[in-house]
Structure formats: C-alpha cells, structure tokens
Amino acid sequence: MAKGSWFFIILFIISMLENMINSLELDRHSFPDDFIFGTAASAFQYEGATSEGGKSPTIWDHFSLTYPERTKMHNADVAIDFYHRYKDDIKLMKELNMDAFRFSISWSRLIPSGKLKDGVNKEGVQFYKDLIDELLANDIQPSMTLYHWDHPQSLEDEYGGFLSPKIVEDFRDFARICFEEFGDKVKMWTTINEPYIMTVAGYDQGNKAAGRCSKWVNEKCQAGDSSTEPYIVSHHTLLAHAAAVEEFRKCEKTSHDGQIGIVLSPRWFEPYHSDSTDDKEAAERALAFEIGWHLDPVIHGDYPEIVKKYAGNKLPSFTVEQSKMLQNSSDFVGINYYTARFAAHLPHIDPEKPRFKTDHHVEWKLTNHSGHIIGPGEERGFLFSHPEGLRKVLNYIKERYNNMPVYIKENGINDNDDGTKPREEIVKDTFRIEYHKTHFEELHKAIVEDGCDVRGYYAWSLMDNFEWEHGYTARFGLYYVDFVNGLKRYPKDSVKWFKRFLKKSVVGESNKEEVEEMSRAEGNKTFKGFEESAGFFASFMAMNQSRRDEENNRCSFDFPHTHFGVLQGIENPSSFY
C-alpha cells in the first residue's frame with residue numbers, strides 16, 4: 001500500500017479516537033476528587049408532622065391554612081412525611097450514591113415560641129440528632145440550613161417577623177442552640193436560604209408567606225407596602241445572617257473545622273437587545289439586585305452603589321458596627337440556579353404605583369427583541385432551561401468576588417401536574433435528565449476551563465414535595481411521590497441516570513485515563529506505523545466496549561423540542577422562578 005494511503009488511514013483513526021474520547025459523557029469522576037454531590041430539601045416542604053413533636057405553627061402553616069386559595073388549596077400538614085420516613089428516604093439517597101444531604105431546621109420545631117427564654121423543645125432536638133446520625137451512618141454528610149422561610153407564626157404575630165429588628169437577636173439565639181446541639185457532627189452550614197426570593201415574593205409580590213404587598217399589586221394581600229417592605233425585610237435578614245455567623249465563629253464545636261455561608265438565588269440576565277447600551281446596563285442592574293444586593297454586604301460590609309442609587313432612601317443603611325459584623329461573614333456563597341431572563345431597560349415607571357420590582361428600571365422578558373426565547377420551557381410557566389447561564393453566573397462571582405468558593409445548593413426542574421397526568425407518564429422524565437446533564441456540562445466548563453472555585457452540587461430535589469404557592473402541582477423530585485395513595489415513592493427515569501452519573505467505581509473510567517496516556521505516549525498526532533495505530537485503536541475499542549454497551553441502554557433524550565411545549569405568552573410569571 002502506498003505511503004499516502006497509510007497516511008490517510010492513520011488520520012482517519014486519529015479522528016475516530018479523538019471523537020470517541022470527546023464523546024464520553026461526564027460523570028462524577030470528571031470533577032475534582034473532593035467535589036460534593038448531594039440533594040436538597042427544606043423542613044416545611046418535606047417534614048410534615050406540623051402538630052407533632054412539640055412543633056408550633058410557622059408563617060407558612062398560617063399562610064396555607066388561612067388562605068388556601070393561594071397554595072392551590074394544599075397545605076404541608078403531612079407534606080411527604082419525611083418526619084416519619086426519613087430512614088427509608090436516606091436509603092434512597094445512599095442508593096443514588098449521594099455524598100451529602102442539605103436540609104433545613106424548623107425554628108418552630110426547635111424553639112416553638114421563637115424565643116429562647118421560653119425553652120428549647122427536646123423532642124425537636126432529638127429528631128434532628130437522629131436524622132444527622134442516620135445520615136452519617138449511611139456515609140452521607142449533613143448540610144444544615146438555619147432558615148428556609150418558616151419562622152414561628154408567634155414572632156409574626158408579636159412584632160411582624162423580619163419586618164422588625166427584634167428578629168435579629170431571636171435568630172441569633174436560635175442559631176446558637178443549633179450550633180451547640182449539632183455542631184459536633186455538622187460541618188457545613190448555611191444561614192438564610194434565598195433572601196431575594198423571601199423578600200420579593202413575600203413582601204413585593206405577596207404570593208409567598210408572609211403574603212404582604214401593596215393592594216394594587218395583588219388584591220389578595222391583606223396588608224403591606226411593595227415599595228418599602230422588601231428593603232426592610234432584606235436588611236434585617238442580612239443582620240440576622242451576620243449575628244448567626246458571629247455565634248458560629250464563637251462556638252467551640254463549629255469554629256475549628258466548620259464552614260458557613262449564605263445561599264442566593266440568581267437568575268442570569270441577557271440584554272433584551274444585544275446592541276442596546278440601555279439593555280446591557282439593565283442586565284447589569286438586574287444582576288446587581290439579584291446577587292450584589294445580598295452578596296456585597298456579606299463580603300464588603302455594604303450595599304452596592306448601583307443598588308443604593310436606584311433604591312434611594314428606601315434602602316436602610318448599616319451602622320459602622322453592623323458593617324464590620326457583616327464584612328467577610330460568608331466562608332462561601334451558595335447558589336440556587338434554575339433559569340434566566342432577558343432584561344430590557346424600563347425608562348418610565350408609574351410614580352403612583354411604586355414597588356421594589358420596578359425600582360431598578362428593568363423589565364424581565366422570556367424572549368428577546370427578535371422573538372428568540374431564553375430557553376426551552378414547559379407548561380409550568382416559570383422555568384425555562386438556560387444552562388449556559390449557570391456558567392456565566394459562576395464567572396460573574398469569580399470576577400467580582402475574588403473567586404470565592406461556591407456550592408451549587410439547588411438546581412433542578414419541575415414537571416407540572418394538574419392531576420390529569422398518569423404516574424406512568426410523569427416518571428418518564430427525560431427532560432429532567434437533559435436539564436441536569438446540560439447543567440453539569442456548563443458547570444464542568446466553569447471549573448475546568450474558567451477556573452471557577454466550585455466545590456459542590458446539590459440537586460433539587462430528591463422527592464416531589466410541597467412547592468410553596470404551587471402546592472403539590474409542581475413536581476421537582478427525582479422520585480415521584482403519590483400524594484393520593486399513601487405517599488409511596490416511585491423512581492423516575494432520572495434516578496437511573498443519577499445512579500450512573502454518581503457511580504463511585506465506574507467500569508471503563510481507568511481505561512479512559514489509560515487511553516489518554518497511550519495517546520500522549522504516541523504523540524497523538526503521528527504514529528510510528530499503521531500496525532501500532534491499528535493495535536491502539538483495537539485496544540481502545542476493547543477497553544471501552546462495556547461503556548458503549550451502557551451508553552446504548554441509556555434513555556433517549558427528546559428534550560428540548562418534543563418534550564417541552566414553550567409557553568410563549570407569559571413574559572413576567574408571578575412565581576419566584
């Protein structure tokens with residue numbers, strides 16, 4: 001055979017090898033060895049047992065029971081009954097090969113009155129100790145959130161909850177008890193979950209507890225001021241965070257090897273018109289309010305200048321002492337990333353209808369000026385997949401906050417269930433598999449190509465659960481929960497995918513490394529001869545046969561075009577996502 005023929009054959013083999021190596025899907029071994037993979041939950045959405053074990057009502061108990069029409073006529077009295085079933089659910093986490101479980105502590109279960117002077121509920125303490133021990137016994141690390149929107153209703157009745165500065169010292173006491181009781185076994189802590197969502201949805205839009213807003217914004221709101229209350233609540237939330245961190249760093253059980261941070265919920269924003277300076281600046285303002293409003297204070301001790309400019313005198317200020325307490329009060333930042341929007345400059349707002357949502361002169365849109373949608377969505381109306389936004393958010397934090405450590409504390413997508421879909425259809429969640437797959441790809445790029453210091457990823461959520469104002473109609477779980485027939489758990493197809501992705505001993509992984517080493521030894525550009533090249537190719541094929549067989553058995557992905565029906569008509573969904 002002529003030399004030229006050998007040359008083209010070798011080039012063909014090299015091309016085949018390169019394509020095959022590049023086509024190998026990511027799995028847990030694609031990430032750093034100490035990278036944490038987990039799943040997440042919250043007390044109110046999971047536990048149930050609202051009147052058991054000494055627990056008092058929370059603001060969400062009050063909200064869902066007093067205004068049932070605002071939560072799809074659903075409540076979380078039982079939720080998914082995690083309070084009684086946690087041992088079985090932890091077994092499912094272990095089967096999924098999860099490293100960690102993020103959950104929140106119910107303030108009302110630990111200190112029913114909300115005030116330490118009235119005593120600590122020993123039964124509540126024991127429940128969380130038992131939960132922690134069960135996790136550790138299954139080699140799952142607990143990650144505890146102090147506050148996931150469910151403070152005792154008694155504090156709301158007494159002084160308005162987070163509308164009052166009194167909440168700060170009560171939260172400090174609650175946090176201190178948590179550190180003293182659980183700090184010897186829990187090393188990962190977060191203070192406040194999604195302060196942006198809590199304040200905006202609860203006090204500007206009024207569609208989440210405490211359900212306050214201006215009457216013209218939402219006629220269901222009984223009281224509130226959408227113009228001022230979000231800033232007040234957010235301010236007290238930040239001070240409560242700082243107080244908790246101060247206690248954390250004084251506590252002997254947590255001060256040496258524990259870490260603590262705040263959890264934010266940023267969307268990514270692209271300019272509505274890519275050539276418009278106004279829209280580019282609008283996107284920057286949107287990010288400043290979504291991220292900087294809460295991250296700047298816990299890093300630098302003060303609000304961003306752009307937030308001060310647009311919020312004006314409605315934005316409270318920190319004292320010198322408060323600023324000092326806030327500065328560097330987050331060892332890491334937790335990010336709950338779900339979706340993205342286009343941002344358009346809003347030149348005029350109605351002075352007769354002031355509210356937080358319009359203060360920064362930004363209008364959120366699902367489509368840009370040419371009609372291009374931000375990403376595939378479904379008939380849920382509030383989540384549209386935009387995985388590249390995750391990478392951009394991580395780089396935004398890297399560039400503006402000195403590449404501080406990041407944990408993805410929530411990421412997931414829901415399936416809308418109006419009661420007409422059979423279980424057999426819902427468990428075929430190929431769209432969820434593709435959602436996680438594409439977000440892992442962008443996360444991997446952020447870490448490997450961009451150098452972002454991301455240290456963990458928690459999927460939302462293990463189980464379908466009570467999804468706030470959506471009740472049980474928005475299913476985020478990897479496991480289907482039958483809310484009609486005894487809360488039985490059924491694995492969705494995404495469970496099978498996650499088991500493969502998180503497998504701790506993957507057949508063929510070492511072979512991949514061996515192939516890469518062989519390629520380097522051969523120069524990967526030229527081979528000594530066709531015989532060696534062909535032998536190498538045959539070796540590669542043999543070593544990866546098991547992986548190819550497994551790939552052939554994977555679910556086919558019909559996302560995004562066939563499984564998602566885009567909801568074109570909703571530009572500003574009321575939901576927090």
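Using the three backbone atoms N, Cα and C, a Cβ is placed for every residue, glycine included.
Feature annotations, reproduced from Swiss-Prot:
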BINDING   Gln45, His148, Asn193, Glu194, Tyr338, Glu410, Trp460, Glu467, Trp468, Phe476  beta-D-glucoside binding site
DISULFID  Cys213-Cys221  disulfide bond
CARBOHYD  Asn328  N-linked glycosylation site
CARBOHYD  Asn368  N-linked glycosylation site
CARBOHYD  Asn524  N-linked glycosylation site
CARBOHYD  Asn544  N-linked glycosylation site
SIGNAL    1-23  signal peptide
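Between the alpha carbons (Cα) of Trp468 (beta-D-glucoside binding site) and Asn368 (N-linked glycosylation site) lies a span of roughly 29 Å. A helical conformation is recorded for Trp468 (beta-D-glucoside binding site) in the three-state DSSP classification. Close to the recorded beta-D-glucoside site, the chain also has Ala40, Ser42, Asn336, Ser461: residues not among Gln45, His148, Asn193, Glu194, Tyr338, Glu410, Trp460, Glu467, Trp468, Phe476 whose Cβ is within 8 Å of the site's Cβ mean position.
Cα to Cα, Cys213 (disulfide bond) and Asn193 (beta-D-glucoside binding site) are separated by 21 Å. In this structure, the C-alpha atom of Asn368 (N-linked glycosylation site) lies 28 angstrom from that of Trp460 (beta-D-glucoside binding site). Site extent for beta-D-glucoside: among the recorded binding residues Gln45, His148, Asn193, Glu194, Tyr338, Glu410, Trp460, Glu467, Trp468, Phe476, the largest C-alpha separation is 18 Å. Long-range neighbours of Asn328 (N-linked glycosylation site) (same chain, six or more residues apart, CB within less than 8 Å of its CB): Val298, Ile299.
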